[in-house]
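Participant: Questions regarding the structure given below will be posed in turn.
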């Protein structure tokens, strides 16, 4: 029996979303089903007329797989239970979203999002009686119960690429280069890119640091004969006294742009080094997805549609031990995945002589 | 107590070898040990004087992590038990290699290689009483007992990049593009790059194909409204009648360059399509390692030295379920890892409507 | 007064065509004019119904500028005066094309092509009384009267990237790597990529070579202490006795794939070196255009529309001495631009110690 | 007769410096001459013992051509006539530099630098009676009398790459993305990358802007149906009232990081748009040089040595009209090359509908 499946992307965008969309539409067509693409996450269900359209793989000309961003659009205003009322407060508009779903006569919904979006979508699904399947995406890689979330590998790649660019100029000028990377709550991007990009110091929110230890390590590097150092800082890192760095600019609705400069200032103040700071920002979200994100996006998209075929709902697709699996959505949402301070990558970093500022 | 650790790379080179070398030297320095880099695999132990030199991380100026190839050099003449005698036959020169090891006064040896090299090195280790630890590398990803071997991700990336280049020209000219990728015994590169690069047909040695089915699928794509098709073929694929494609050129000591043209010819003969063939060749080995290969190379290099510290020998480092582990070398060598025709990736590919020529 | 401008791409595709298309449409909209995109070069005018559609920049979502290929499609069957009759011969179908132009009620036509296409389009323009303006594109860079043709920089970039991949594997294995690059009549790609990619030998059709000189140079490199060598060969190079290398494969309608293997065989036969050959092929056409091609495509597209506004026809846009200029089409077609054996780049190459096989 | 040639890099580093160094050493070896590499610009001549060493192309293993930065090192403290005295003032140490040159027994000196460095080096050459030849490098492309300076093409490429990453995330979130790029005195990087990267607004110091015009253009883009906009700002741009944006961070000795945020704030304040700001910073200097920079670096390096062979001094190598030429150094220094507000590229940008905020 033919089905109508809704599909939406929610929360911050990342590389690989379009590859998921493509996989969902192609797999659904294999079943003879119709996919309805909903615009801008739940916002498309909230507005009237509902903003959504039927999709067919005929629209994919071979390039969508390779494109960053999401052709469906997305939004950070993704909580209809607490929707901005335009006056600084919030109102509950979940009824509108539930009604929008009904209007589209959907048999099931696939939502692509991070742990925040996943929690909201699950609440909506409970309320509306939706047949819901989730696909994890987040550049931060902090969604639990899955080894891989879409977008992380590409974000790491952008950060590593930045280090590849900063290393030669650091070496040419005898400088310490500080690179602030994304990671709102977890240090995965900083950790992976720091190792792969040749960092000397990696600061992540999971491991408390002291500037004095950072400075000492940089001096040690210099005494070891190398004339430059690379420092990677996750944006979620706090000041030494545990404060978030205050934002200075009205232009940004986010917290990006602070801690890297703070760390850079402190290193400059406590070492003899010339320091330069780069805040990588939104380039980490966009751009062509790397091979791995495209591959896993394809795996997840196909598996999500298969779950609907099996009547398996309230679940999130996941990757574990070389297999596409699925887990209870509840479990995935609860298991926030921070960097394990004793995990394989931290131990590798320490084994390489990288400092976390705690030595 | 201080140790002297030998380090060599064996077999075909790939991206990420230098990142392993760097990790081994850095980790060993953490223990206060000396690494001795042996030139060109076992060839450096076989020659007199032995070709090897002490390494210190002082020689690494920040770029080695990012460089393709191996600064130690390597060779495909890597079996001293059956060494070319220069007259078309072979002789057993394993005694020379064992003596070379002794000459260097090594406490242990880390060998980086694929399953072939690993088997030979293990035999040498048995014969010479070496304390041996293996690190798996292979663009083909066919080493057993580990989810990841170094070099594969970078090779896939090169192949996907080629498909990213072929797709627009295919679409502009209404063509079928055939891309032959590496993979001497297994189809992993073809499978992963085919999915991530948007292939319509993937031919791998693990799944028998018929040209008629390939042609039918290409026609179906065209009838579906798309004016081009992408076909990825693993070099190990045989002709329809099960023969390897004969080589035509004296210049190459390898089998690259055949089957892609055969498949292209057959598609041209059985469809209306204009066909072009690209044999990707050695660009798949070189180039900057991708982030993932650099990360895993760091994990493996550190872990291998840690094994020596623990007195754990005759083992291979491996990656399983987000952890650096180690496995008996014997087991890793025996478990050749072909593409599973029922595995997650093949199922994903079929779910996307990709043909393996068996439909 | 509003105008209708036809736009077509002709001949082999290359990176940057879409950037030209975007610039033409945007500039025309600035004048309030309508652009009609013609499908597959003159083929779109030849078929009935005429294959063409009105374009507006609204269809450009920000990605077209970055995409390889041509959204209009193109064809190598681009001579209506000698059109394949399907029976191995040709017929004159130029009347159909001229009628197609009239049917579309065009005020002017912008044709994007190489010197071959430009000649044909000029003949058609004369016959049909068209107001024609040409924009030069060719990966080969052999169009006269302009310093730059669209697509060349991107093709060079692909070839250099291949050399960046081949160098480390060559060095790891002590090999000579031969890379065959495109260039049907001229050696520009081979020359520029050879210099920028670190080649030791560059063979181009403009400079006769002897294998003996090539072999001698490779030996000299080896005696100088380097263990590898890189050789770049333009596809248009002939055998030592002046013959084109015969094609072996029915799948390819082109001459790619021959001379590189011949050169590799001959080097293997005359030196002690292990040799590997890579034929780069169609990846040189596709892929994202590099910055320079996008920039120049924008310059040319805008200038071509401006010429129509000025009533300047039978001209080709060109780049000379940091200026967008235009030249008589006739002059551009006549001035085939081969590599000057005494030019700046050949002298640079010789100054670097690169051999052209004529030493 | 054999010569000893000094070689130094001065001022900010950029991609392509190592390619110049390689070309100089190779060409000098062709003449049988010795190149002496001086460390960190004139600082290497100023210190005692003089920091310099003889170079041979044997040290170049095939990778130096591809590496960013400068293996000789460089410094921004490059004026020995006004050298920091460590107490906040300056002293004249030019005598030390002149003496250092003499100590090395050099016959000539090749200096690679921007217009600032070139002026200082020329003064030193006059004072010391040096045989001096200059090679222009600057990411800003503002050196006069040459169409090309080394490093600019690579910096533009990094900026375009950033726009390629920002466009999809801008489109996914309906955002205005502001990208601040380098260019201390000139807007060349902003202009070229803005055109090639699909910017809607480009702000450069050569063209005065008003925020009101910027805001109006962004609204127009939105009314035209596009949901995002890209704004590129050169770091040298001032506030609307003509003030430089004050720096906030002790960590940076430069002025990077200001104006982009100012422009973003003002756009957010005057439009309905959600705005995000990225300050690209030092990644623009480093990284692999693009093909063009490597090619031109090779041309310049060879030509500079040839000038010495001809006894032509007090000159700078340059590229004009497809030829390697050389010009009086004095003329090059005087002709600062800003963006011409009526030049080909500004006209192209306007033709594409790009706003400079002056409309």
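The chain as shown is numbered from 1 upward.
Heads up, the Cβ atoms here are built off N, Cα and C, so glycines get one too.
Residues or ranges marked as active site, proton acceptor by TrEMBL: A:140. Feature annotation from TrEMBL assigns ATP binding site to A:12, A:77, A:78, A:114, A:115, A:116, A:117. As annotated by TrEMBL, Mg(2+) binding site applies to A:115. According to TrEMBL, the feature substrate binding site maps to A:138, A:139, A:140, A:175, A:182, A:183, A:184, A:235, A:276, A:282, A:283, A:284, A:285. Sequence annotations record features per position, and here TrEMBL assigns domain 'Phosphofructokinase' to A:4-308. What TrEMBL lists as site 'Important for substrate specificity' is A:116.
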Participant: Could you check which of the binding-site residues (A:138, A:182, A:276, A:285) sits closest to residue A:116 (ATP binding site), going Cα to Cα?
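Facilitator: For residue A:116 (ATP binding site), the closest Cα among A:138, A:182, A:276, A:285 is found at A:138.
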Participant: Other Cβ atoms within 10 Å is the metric here; tell me which of the binding-site residues A:12, A:116 scores highest.
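Facilitator: Ranked by Cβ atoms within 10 Å, first place goes to A:12.
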Participant: If we take A:114, A:116, A:276, A:283, A:285 as the binding-site residues, which have a Cβ under 8 Å from chain D?
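Facilitator: From A:114, A:116, A:276, A:283, A:285, flagged as close to D: A:276, A:283, A:285.
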Participant: Can you name the recorded positions among A:12, A:117, A:140 whose CA is within 10 A of the CA of residue A:182 (substrate binding site)?
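Facilitator: So the list is A:140.
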Participant: Which has the fewest other CB atoms in a 10 Å radius around its CB: A:77, A:184, A:276, A:285, the listed binding-site residues?
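Facilitator: Ranked by other Cβ atoms within 10 Å, the binding-site residues A:77, A:184, A:276, A:285 bottom out at A:77.
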Participant: Any idea of the Cα spread of the ATP site, A:12, A:77, A:78, A:114, A:115, A:116, A:117, as a max distance in Å?
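Facilitator: Looking at A:12, A:77, A:78, A:114, A:115, A:116, A:117 as a set, their Cα atoms extend up to 15 Å apart.
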Participant: Just give me the nearest neighbour of residue A:115 (ATP binding site) among the binding-site residues A:184, A:276, A:283, A:285, Cα to Cα.
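Facilitator: Considering only the listed binding-site residues, the nearest one is A:184.
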Participant: Whole-number Å distance between the CA of the residue listed as 'active site, proton acceptor' and the CA of residue A:12 (ATP binding site)?
Facilitator: 11
Participant: Using C-alpha atoms, which one of the binding-site residues A:276, A:283, A:285 comes nearest to residue A:78 (ATP binding site)?
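Facilitator: Nearest by Cα distance to residue A:78 (ATP binding site): A:285.
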Participant: Residue A:276 (substrate binding site) to residue A:12 (ATP binding site): how many Å between their Cα atoms?
Facilitator: 28
Participant: By the DSSP assignment reduced to helix, strand and coil, which category contains residue A:12 (ATP binding site)?
Facilitator: coil
Participant: Around residue A:285 (substrate binding site), which of the listed binding-site residues (A:12, A:77, A:114) come within 10 Å, judging by Cα atoms?
Facilitator: A:12
Participant: Could you tell me which of these recorded positions, A:115, A:140, has the greatest number of Cβ atoms within 10 Å of its own Cβ?
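Facilitator: When each Cβ's neighbours within 10 Å are tallied, A:140 tops the list.
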Participant: Max CA to CA distance in Å over the substrate-binding set A:138, A:139, A:140, A:175, A:182, A:183, A:184, A:235, A:276, A:282, A:283, A:284, A:285?
Facilitator: 32
Participant: Would you mind reading off the Cα separation of residue A:12 (ATP binding site) from residue A:184 (substrate binding site), to the nearest angstrom?
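Facilitator: The Cα atom of residue A:12 (ATP binding site) is 11 Å away from the Cα atom of residue A:184 (substrate binding site).
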Participant: If we check Cα distances from residue A:283 (substrate binding site), which of the binding-site residues A:77, A:114, A:117 wins as closest?
Facilitator: A:114
Participant: Please name which of the binding-site residues listed here, A:77, A:114, A:117, is nearest in space to residue A:184 (substrate binding site), Cα against Cα.
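Facilitator: Smallest Cα separation from residue A:184 (substrate binding site) among A:77, A:114, A:117: A:114.
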Participant: Rank the binding-site residues A:78, A:117, A:138 by how many other Cβ atoms lie within 10 Å of each Cβ and give me the one with the fewest.
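Facilitator: The binding-site residues A:78, A:117, A:138 were compared, and A:78 has the fewest Cβ atoms within 10 Å.
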Participant: Nearest by CA distance to residue A:138 (substrate binding site): which of the binding-site residues is it, out of A:77, A:114, A:117?
Facilitator: A:114
Participant: Non-local Cβ contacts of residue A:114 (ATP binding site) (under 8 Å, 6 or more apart, same chain)?
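Facilitator: Correct list: A:10, A:11, A:12, A:136, A:137, A:138, A:140, A:142, A:143, A:149.
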Participant: Looking only at Cβ atoms, how many others are within 10 Å of the one on residue A:283 (substrate binding site)?
Facilitator: 25
